[in-house]
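Please read the structure below before turning to the comments.
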Ligand code: NAD
């Protein structure tokens, strides 16, 4: 397929690379001027979208997504499929779908889970919203960039699923960080905490795959001075999305609310630009009283 790829950051770059490796013809654009081996560079989002079978976006926010759609929707050829893999609010996702459909384009919201490691390894999970027809066009690409794609429902359903997943992630990462901080003070080695918890009922992705303690478990941003990875401000963005969504439908999410407050403080107090797992250092530096 001919694929346009807009947003070649921590996630987009390895995803685009996997499409190239699978033999697709990829044209990319990123405002930061990112160049990737095997990806033809376009001078604008509109140029990257022109004459493509599929256009993938992997952008930081809903407002940026909507402004990029303002450029790519008029440029894409009729019948092309737009796949947005960014994590954004459900309203922006639905607005993007509506703009695409009004122009005779297919459209899927397909945020991902699995982090930069999953993007590089091609093992992401895609959660998709849109019509059956659009999902069918996108599915072969999901199979290259990921290991699983779930069609969650109509427009915006992928983002709704993502918001629920990442609310759990924010809460569980704080839980794992708290456990290490408590264990340190109780005189337990971090290695023994990992060895027990990763094979016990406290096991979770934040412990087993993305351990926030350096030198323990599989390679993670903790082993790279907490360079993201998944930046704390993006975690905060997702937690805020979860709280806005919960507010809109009157869902009780007290742990999600507390996790949002803790990431808000972390980002304001030096966590911006660091991986979200660096929360362990912030908690370790605090006292209970
Ligand atoms: P990133 O900041 O590394 O990449 C975003 C890229 O978009 C940047 O390179 C930026 O220059 C580019 N960009 C911004 N505005 C643009 C525009 N108008 N036109 C073209 N390019 C533009 O972020 P990331 O970590 O790759 O995350 C991208 C999306 O994926 C976010 O929505 C994030 O929430 C989501 N996500 C990230 C992870 C992760 O672990 N990093 C995991 C799952 C989902």
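FYI, residue positions are counted from 1 along the chain as it appears here.
Placed from the backbone N, Cα and C atoms, the Cβ positions cover glycine too.
Remember, TrEMBL labels are computer predictions, not curated facts.
Quick look at what TrEMBL annotates:
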{"type": "DOMAIN", "residues": "2-153", "note": "domain '6-phosphogluconate dehydrogenase NADP-binding'"}
{"type": "DOMAIN", "residues": "156-282", "note": "domain '3-hydroxyisobutyrate dehydrogenase-like NAD-binding'"}
{"type": "ACT_SITE", "residues": "162", "note": "active site"}
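Of all Cβ atoms in the shown protein chains, 29 besides its own fall within 10 Å of the Cβ of residue 162 (active site).
The average pLDDT for the domain '6-phosphogluconate dehydrogenase NADP-binding' (2-153) in the predicted structure is 97.
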